[in-house]
Amino acid sequence: MFRPSIKFKQSTLSIIARRLKSSAQHQPLRSSFVPSPIVFVAGLAVAAVGGYYCLDSRSAIHEYVLCPLIRTFTDAESGHKLGIFFMKYGLSPRLLDDGKNDQSDVLGVQVFGHKLKNPIGLAAGLDKDGEAIESLFNCGFSYVEIGSITPEPQPGNPQPRFFRLPKDDAVINRYGFNSSGHFNVLATLKLRFNKLLNKFGTSHSSEQHPFSNAFQQGKLLGINLGKNKFGDEVNDYVKGVERLGPYADVLVINVSSPNTPGLRDLQSEAKLTNLLTTVVKERNVLGKNLLGNKPPVLVKVAPDLTEPEIESIANSAKEAKVDGIIISNTTIQRPVDRLLTTDKQLINQAGGLSGKPLKPLSLKALRTLRKYTKDSDLVLIGCGGISNGKDALEFGKAGATFIELYTAFAYKGPGLVGKIRDELAEELRKEGKTWEQIIGSDDK
């Protein structure tokens, strides 16, 4: 058998090596990639479009990807804190057409001496310490309410104290007025106020200056006041008016959280009249806030009230000369006939229920309250279970001058505000009316 010699093998290998070297000198290296200018520009364009898409709060990625991911990988309270963290540092999306296509021709509403762009507000409880005000306004809210804020810092109830009912788009919370206290929030508000005042400047004309603590045209900042667990049932609120009133467009007296022992007892007529009368007197002593406006006083009440109790609240509000009533807070009821959640241990957690199952209760309470206040100047604010434009319209027709969201916003993400705004405007245009024209129209 023929066996090639070692010399032959070496000769053959050297020839192959020379040919490969020659080929390499004339062929481009295919393993190296140098992007052409077109590819580079296209990449930048894709990144820019993607970034713009994610910055728009109404992008589907927020409702259908990011919010579900947060719910999957965090418990309810951790998810809450994460959301506030992102908003605090400006890492959250915004409603990009809030300035141009704001639907204010249909949705604008005159309230407390201001013209709101739309009747959509944020309820207290989300931003407890006023850390994310700008980002929340940038979502499209015309009214943002921070708090509840107590005089002294307190941790609230032990954890776990916040529970999701995802099948019902609902939550149960028993936070218990966890708050960093008046002075810590005051420091945050002062820093924000001075920063924005310097940025805005003092030389603007009245037409240009918003003259509200929102520092945005057609928007207002509300501050919700609570009492410490073992605090005085009157003086705790008076301190809040005195300390935080200068930075508020609206002051809210919260007597309806179910998670502070004895708090709801303040809704009885004698106690409530005394409390609200004292608070209004303190507001009058305070006079105007730092931007020259006297902040109106509202009281926030529960949905778990009988008709006589609602009537007595209306009487107290009129006698004390407060400016309005927010109805309602969370409910201690568990309407099992409307709940899809079947886990009894979860359903029976102590605390207040909010979200979609609350809507029938809060809407009924609003209609009842309207019955006893329509002969007055009291402004009613609807809150509880609102998650779309049709819900908002129902509350408006029942007597709400504007409405507030919280739980639906947490579930659906920042795009919900723009979605409700556009849905509500569409419903009103179908009827050929504006928001102001339909307020309380159910009782005509």
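The backbone N, Cα and C atoms fix where each Cβ goes, and this holds for glycine too.
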Binding-site annotation, Swiss-Prot, FMN: partner of A124, G125, L126, D127, K128, S148, N224, N254, K300, S328, G355, Y406, T407 in G108, G201, G385, G389: G385
N254 (substrate binding site) versus binding-site residues A124, K300, Y406 - nearest by Cα: K300
Binding-site residues near S256 (substrate binding site) (Cα-Cα within 10 Å), from A124, L126, K128, K300, Y406: K300
Cα-to-Cα gap, G176 (substrate binding site) vs Y406 (FMN binding site), nearest whole Å: 17
Chain-internal residues near A124 (FMN binding site), provided their CB is under 8 angstroms and they sit 6+ positions away: E145, I146, G147, S148, G222, N224, V252, N254, K300
